[in-house]
Amino acid sequence: MGMGKLAERLRAFSTNRWLVFVAAMWLQYMAGVGYLFGAISPVFKAALGYNQRQVAALGVAKNLGACVGLVAGTLSATLPAWALLLIGAAHNFVGYGWLWLIVTKQAPALPLWMMCALIFVGTNGDTYFNTAALVTCILNFPENRGPIVGILKGFTGLTSAILTQLYAATQTSDHATLVFMAAVGPSLVAIGVMFVIRPVGGHLQVRPSDKNSFIRGKHFTRQEDQPEVILSEVEERSKDIDSLPSSERRKKIADLQAKLVQAAASGGVRMRKPHWGESFTLMQALVDSDFWLIWLSFLLGSGSGLTVIDNLGQMSQAVGFKDAHIIVSLTSIWNFLGRIGGGYFSEIIVRKSTYPRHIALIFCQIMMAIGHFLFAMAWPGTLYIGTFLVGLGYGAHWAIAPAAVSELFGVKHFGAMYNFLTLANPVGSLIFSELITSNLYDYEAEKQAHSHHISALLHNMGVLTDGPLKCEGPICFFISSLIMTALCVVGAGLSLIVVYRTKRVYAHLYRSVRT
C-alpha cells in the first residue's frame, strides 16, 4: 500500500503543471543566447580579422535567426514538445559549435556568408525553445496566459548574464570559451528538460488559490466574447443608443440583426473592417495605419537598443573598458528587469487609469534617448548608466508592444502579428547597426589607422583593407549614438500619436476594471 501511494504521488508530481512551468523557466534561462553577441563579437573580430561592418553582418544574421520562427511554429502543430527541443538543441550545438571550432583554429575559416549561415542556424534554435515552452505553458495555464508569457519571455533576457558569469568563474583568458558555452549550455538544458516540458492537462488542475499566483485584479472581457457589444457597435454612431433601456436596446439589436440577414441574403452586405479590440487577421492589421505606427515606434526603440547590445564589446573597448563581458552581463540583467517591470508598469497604467499602454512605452523611449546621449558624451561612468537605461528600455519594449497589439487587434491571430512585430529586430539591426553604426565606426578606425600608422600602411595596404580595424576613444560611437538618440525621440513621438488615437479604446476596454 505504501509503495502504491508513493508511486501515485510520484505520478502526480511528474504531471504537475507547476513542475512543467519551472522546467520551462529553466529552458528560457538559456533561450536568449543571441544577447551574448556583444561579448563574443570581439572574438570573431580578433580571430578572423573582421572589420566592424563584417561583424555587423553577423549580428544581422544572428537577429534573423532569433526572430524567424515560422518553421518552429508550424512544426509545433504536429510535433510534440520534446521533438521541438531536440531540433532546437541540434541547431544550437551545430551552429555555435562550428563557430567555436573556427575561432579556435580547429576548423578552416569560411566565407562571411557561410559564417552568417552558421550563426543564423545556431541562434534559430532559440525559436524552438521559445515555441515549446510558450505553447506548452499556455495549454497548461489557459486562464493565466498573459502573466505566463510575460514571465517566460522575461527570463530570456538573463541568458547572457548567466553565461558570462559562468565564463568569469572559469577564470580563463580564452574568450573563445564564451562561444563554446553558447554551443553547449542551451543544448544541455534543452535535452535535460525535454521530457518534462509537455501538456499535462493543466485546465483540469485549476485551483481557487491559483488566482493569487499571478497578477491580481479584474480582467477586461474581449468584445468577441460579447456578441451584444459587437452588434451595438454597428449603431455606435447613433449617440442615443447607449441611453436606451436594456430591453429596448436588445429589441433594436434584434431588428438590426434581421435587417442584416435580409441584406446578406440579397448580397447587399460586405464584410466590414474589424473594430479595435476585435480579432484582426494579419492582412487586416497590415492595411491599418495604426498597426504600422506601433510597428515603426517599436522598430525605432528596439532597433536602437539592439544596436547597443550587439556592439557592447566594441563600445566597451573604445572607451578603454577591457572586460566587455561584465557590461554584457549587466545589460542582460537590465533587459530582464525591463521585461518584467515594463509589463507591470504598463498594467498599472491601463488598469488604474484606463490610459493607453503606449504611455509606458513613451517613458521607456525617452529613457533610452537619454542613455544613447550619455553614450555619445562618454563622460566618466556613463557606460554603466547608459547600459542601464538602454537595457531597461529595450526589455520593456518586449513586454509593452506585444500586449498592446493583442489588446487592439485581438488574440485570435496574435501569433502571426507577434512574429511580424519581431521582424523589427533584424530590420533595425540591418539599418542601425550595419548601415549606420558599423560604417561610422570603420570610418573613424580608418582615420586613426592613417594618422597613427601611415608608414606601415604604405608598405602593407592589406592592413588597411583586410585587417581588424580598431577604433579608440569616444569618437567611435559619438555620431551613431546621437542618431540613436534622435530615433528614440521620434519613436516616442509616434507612440504619443498611438496614445492619442487609442485613448477612447482603452477607456472602453478597461472601464469595467475601475467600477
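Even glycines carry a Cβ here, placed using N, Cα and C.
Per TrEMBL, the features are as follows:
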DOMAIN    17-215  domain 'Nodulin-like'
DOMAIN    288-505  domain 'NFD4 C-terminal'
TRANSMEM  20-43  transmembrane segment
TRANSMEM  55-75  transmembrane segment
TRANSMEM  81-103  transmembrane segment
TRANSMEM  149-169  transmembrane segment
TRANSMEM  176-197  transmembrane segment
TRANSMEM  292-312  transmembrane segment
TRANSMEM  359-379  transmembrane segment
TRANSMEM  385-405  transmembrane segment
TRANSMEM  417-436  transmembrane segment
TRANSMEM  477-500  transmembrane segment
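Counting same-chain residues at least six beyond the ends of the transmembrane segment (477-500), those with a Cβ under 8 angstroms from any Cβ of the stretch are 290, 293-294, 296-301, 303-304, 307-308, 311, 314-315, 318, 355-356, 358-359, 361-362, 365-366, 368-369, 372-373, 375-376, 378, 404, 432, 436-437, 440-441. Note: the stretches the transmembrane segment (292-312) and the transmembrane segment (81-103) are not in contact (fewer than 3 CB pairs below 8 A, sequence gap of 6 or more). With a cut-off of 8 Å between Cβ atoms, the residues of this chain six or more beyond the transmembrane segment (81-103) that come close are 27, 33, 43-44, 47-48, 65, 72, 75, 109-110, 115, 118-129, 131-132, 135-136, 176, 179-180, 182-184, 186-187, 190-191, 193-195, 197-199. Outside the transmembrane segment (55-75) by six or more residues, the chain places 34, 37, 41, 44-45, 83-84, 87-88, 95, 112, 115-117, 119-124, 126-128, 130-131, 306, 310-311, 314, 415, 419, 422-423, 425-426, 429-430, 433-434, 437-438 with a CB less than 8 A from a CB of the stretch. Confidence over the domain 'NFD4 C-terminal' (288-505), given as mean pLDDT on the 0 to 100 scale, stands at 86.
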